[in-house]
Amino acid sequence: TKGAGGAKLLGVERCYTMLFMHCKNMQLINKKYDATGYGPVFEDQPVETIYPEESPEAKITMSCRARANPPATYQWRLNSRSIDLDGDNHYTQVGGDLVISNPIKNKHVGNYSCVATNDYGTVVSREAGVRFGYLDFFSSEEREAVHVKEGQGAVLLCAPPPHYPHELSFRWILNEFPIFITLDKRRFVSQTTGNLYISKVDLSDSGNYSCFVSSASIAKSVFSKFIPLVPLTERWKYPADIKVKFPDTYALVGQNVTMECFALGNPIPQIRWKKMNGELPSNHDVSMAGAHLHLYNVQYEDEGTYECEALNSKGKDWHRARVSVEAFPEWTESINSTEKDISSDYTMSCVASGKPKPHVQWLKNSYYDKRDLRFSALTFKDSGMYQCIAENRHGVIYANAELRVIACAPTFEHNPVKWRILGAKNGRVVIECKPKAAPKPSFSWSKGTELLFNSTRVLIWEDGSLEILNVTEADEGRYTCFAENNRGKANSTGSLSITEATKITLAPSNADVTVGESTHMQCAASHDSTLDITFVWTLDAHSIDFDREGSHYERNLNGGSSGELLIKNTQLKHSGRYTCTAQTPVDNVTASANLVVRGPPGSPGGVRVEEIRDKSVRLIWSRGTDNHSPISKYTIQCRDSFSQEDWRDATTSPPDVEGNAESATVVDLFPWTEYEFRVIATNTLGTGDPSSPSPKVTTLEAVPVVAPSDIGGGGGTSRELTITWTPVQPQYYYGRNFGYIIAFKPRDGYEWRKVTVADPGAKHYVHKDPSILASTEFEVKVKAFNSKGEGPYSLMAVIYSAQDAPTSVGARALSATEAIVWWLPVTQHTVEGYQVRYWRKAEDSETSSQRVVVSSRENQTRLDNMRPDSHYLIEVKAYNAAGYGPPSQHLQIYTKKARTYFYLRLKGTSVNIAWEHVEPLANESTIDGYKVLYRQASKSTGMLFTTGKRSIDLPMHKDGDYIVEVRAHSEGGDGAVAQIRISAPIPRSLCNQAVRLAWPP
C-alpha cells in the first residue's frame, strides 16, 4: 500500500476482515452441505375440505408434514398471503398442521398452502380450498297437484333448495317415507335436475310424491312437500318426446362420464345410443333401461358427437351433444434432486402434457423465479429448493427438487478403486475411477511405479476409467488412479488378476418340430475353475422367463458346465433364434441356433369383395403365413345383417378352394342383403385362425321368390271381406319397395280381383263392398312384389265374408250390480254363438271389458258383477269358426244407484252442502272423513276443507262461477271426485240437486 503506516494498517485490517468473512461463509457452507442433510420433502399436504355448516365438531384441520434434515419449520398462507397466527385466535398450529377453531364462513373460506423451510431451502405445498357445505330445507309452501290423462307423460319438478357443493343424489318418495319409487323403463329420475319423469302414466301411479335430496359431502338429506299426481281415466297414445337431454360435456382422460336421456311417450319409448361417425367405445355400458350411457376410463378417441334416439310405434325423437375429452396436467419430464459441481453448467427442465396445454412456472425457495433455468457457471447462490408448477383449468401439479452446488477436493472415501479386478485372458478390462470432486478433476494412471499413457492397447477415458485390451498374464499387477483439481488431489489403488477365458464346448443345433412336440437345445462351456459359471437363454434377443413360462421351458443343469434347454409342447410363438450365453463374473460367450415350429397356417389378410351380383360376389384375399407347412385349402365363411353373431360356411364356385388360390366366387347368397366375409386357411397340420371380416357389402336386388304363408281371414264388419297372412321375413324381401298383391274372388266366380298393399309388415287386408253378402265363400291368394318384379302366389285358401251384426239389441238394469241384455238372432246358418261385452264408459277401458259367451240357440243373457250407479256400454257379436263378426251398435244403460247423495241449500250468505253417511262395501276401507275443494272455475287451486261431518258451510260469493269438489277419504286413499258448478247468485232451481259421491276400495 502507498502512504503512511496508518494507511497500511487500514489495508491489513480490511484484508483480515475479508478473510474472516470468507472463513465464516466456508463454515456455513460446510455445515449446510453436510452429506446427511437435505431440504424439505412433503409427506402430507393439505387437501380440499368441505366443512358442513351444521357440523358438531367446530374445527377444521389442514395437514402438513415434511421430511427434512434439519427438521423443517412451517408457515401457512391463505390466498397466497401469510397467516398471522397471533392476530387471529381462530388459528393454531400443531406441528405442521393448521387448526381452524370455530370457523367463520366469510373469514376462513379460501385457498390454503403450507410452506416448509430448513437450512437447505423452502418448498410450498399444493393449494387446498376450504369451503362451507350446506343443504337448505325445501320451501314449506304446498306443491300443486299434477293432473294428467292416463297414457300421457308427466314430469314432477324437484327444484332442489340452495346447496353446496353442487353434487347431489336424488330419489322420490311415494306417499310415505321410506317407500321410494322403483325406477324402470317407464320411470326415471334425473341425477342432474332431480326431476321425476314418467313416460306413460298409469292409474297405479296415483299418489303423493316427494323429492328426496342427499348431499354425500355433508351427510345430510331433505325432502320436499308432497306433490299429488292425479291420473285421469282417458287413454292417449303419442310419439316419443325426449325431455331429459344430456348437454355438451367436458370429460377428463381416465374419468367416468354418464349421459342422461329419457323420453315421454305411449307406448313406452325405447332408448338407443350411438356415436356419430363411429362405434360406441368398447368401455361403454347402458343402464336404467337405456336412460344412462356410461363411458368408463375415457380416452381421447372417445371424443365425438353422441346421439340418443327414442322411438315407439307412434314416432321417434333424437338428441345429439358433443363429448370433448381434455386432460389434467401430467409430467412427461420432471426434475429430481441433484448435486452439481461449482462453476459447471446445468439446465432444469419440466415438460407437462394436458389439454388445454398447461402453463409452467417456477418457484425457488417458495418465491416465483422468472428466469429461464439454464445455469452457466453455477455458484453457491444457485443452491436451494426448486418447484416446477404446471397448471391448466382442470388442476395443478407440483414437482420438487433440491439443487446442491458443491466444491471439494477429490476423495475416494465413498467410492475407491476396486481392490481386486479380474480379467479374462485375451479379453478387455475396464478399471473404474470415480472419486467425488468439484470441480471435475484431471486423471492419470500408473502400474506399479510406471506411469501409463494412451496407446493402441491402453486408454484413459474422460471420466477417469482405464481400459486395457487383449490382456495377458503380463498385465497383472497394482494399478493406481490419481485425481487432482484446484482444491486438492487424491489417489486409489487396485490389483488386476488374469483368468482363463470362457469357451463354448457344445453349441446348440438347429431343430425342426411340429406344434405340440418337444425338443431340446444343448449348450456346454469350459471356464476358469476359480470362477462360477451361469447359462442364460434368449429367444430373438429376449430373455426367457423360466418362472412365467415354466410350462414350455425347463433348464437341464447336467453338471456345472452344461446348461441344456428343454422346450415342451412347442407353439408357433416358440419359433426363432435361440442364444445360449455362458457367463462368469469376468467374461461371457454365446452360441445360437434356429428352431422351426411347424403348425396350422396363420390368418389370411386384406379380405375384400368385388364383382357384387344379386346372389354372388367375388372374394379376394392375401395369403397368410403357412407356418412351414403348405396351405392345402381355404374355407370361406359369411354372416348377414339378420344373424350378426353367427358365421356359417359359404357355398363357393368351385366348391373346393385350393391352397394356392387368393380369390373365390361365393354363390347362393340372398339378394339385397348386407354381408361380410372371412377366410380360413388349412394345411396338413390343422386349421388356422380366421381373417378379419371384410368390409360390409350389399348384394343386388332380385325378384322375390317366397310367398306369404298361412293365408286365412273372415269375420269383421258387415259387408267386409277380411284377408290375413303371415308376412314374409325381411331376408326374403330381395329388394326395396316390398309389398303384397292380394287376389280374391267368390268361389263360384271366374274373375280374380287384385289389390296392392305397400306395407311389408302388413298382416291383413279388409275389402269393403256393399254388394258382398254375409258369410259368402271366397277364394284368396297372396304374393309378394318389390322394385324388381312380382313373386309367385301362395297356396289358395277359402274364407268367408263377415257375418251380419246382431240387431234390435236391448238391455235393462235389474239391480245395482245386474242387468239383462237381448237381441234378434243373426239369420246366417254358420253362426255358432254370441259374445256380449260390457264395460263402464268413463272408468274402464274397452280392452278390459267383461265378457259373456252364449250358444247360437240363445238370444239373451244376464250380466253380473257390475258396479252400482254406473254408466255402462254393451255390444253383441256373432261368431263362427272363421272368427267374430261385426259388433252391434253400443248400447248404454245405467245400473241402479246404491250410494248416497249430497244436496245444496242456501243459508243466508253461505251455501250449505250436506250428505248422508256412506256405508262402504265389504272390500272397501272405512270412511275416515271427507275433503271439500272450493275454487273458482277458472283456477285449479282454491280452499281445501277437511271434515268428519256430513255437511259444510261455504261462503257464498255475489257473482262468478265456482266449482265444489267432494271426495271421501279412507285408509285406502282418496275417492273419486264428485263435482258441481255453482253460478252466483244461485237460482232456486239448483237447490236440493243430488250429486253422486264415490270412493275407491
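Note that Cβ sites are derived from N, Cα and C of the backbone, with glycine treated the same way.
TrEMBL lists 40-131, 148-223, 239-324, 329-404, 410-497, 502-596 with the feature domain 'Ig-like'. Look at TrEMBL and you will find 603-702, 707-804, 805-898 tagged as domain 'Fibronectin type-III'.
Mean predicted confidence for the domain 'Ig-like' (239-324): the pLDDT average there is 91. Residues in the domain 'Ig-like' (329-404) partition by DSSP class (helix H, G, I; strand E, B; coil) as 3 helix, 45 strand, 28 coil. Most Cβ pairs under 8 Å to the domain 'Ig-like' (40-131), among the stretches 239-324, 329-404, 707-804, 805-898, belong to 329-404. Scored on C-beta pairs under 8 angstroms, the neighbour of the domain 'Ig-like' (239-324) with the top count among 148-223, 502-596, 707-804, 805-898 is 148-223. Contact between the domain 'Ig-like' (329-404) and the domain 'Ig-like' (148-223) is not supported: fewer than 3 Cβ pairs lie under 8 Å, counting only residues 6 or more apart in sequence.
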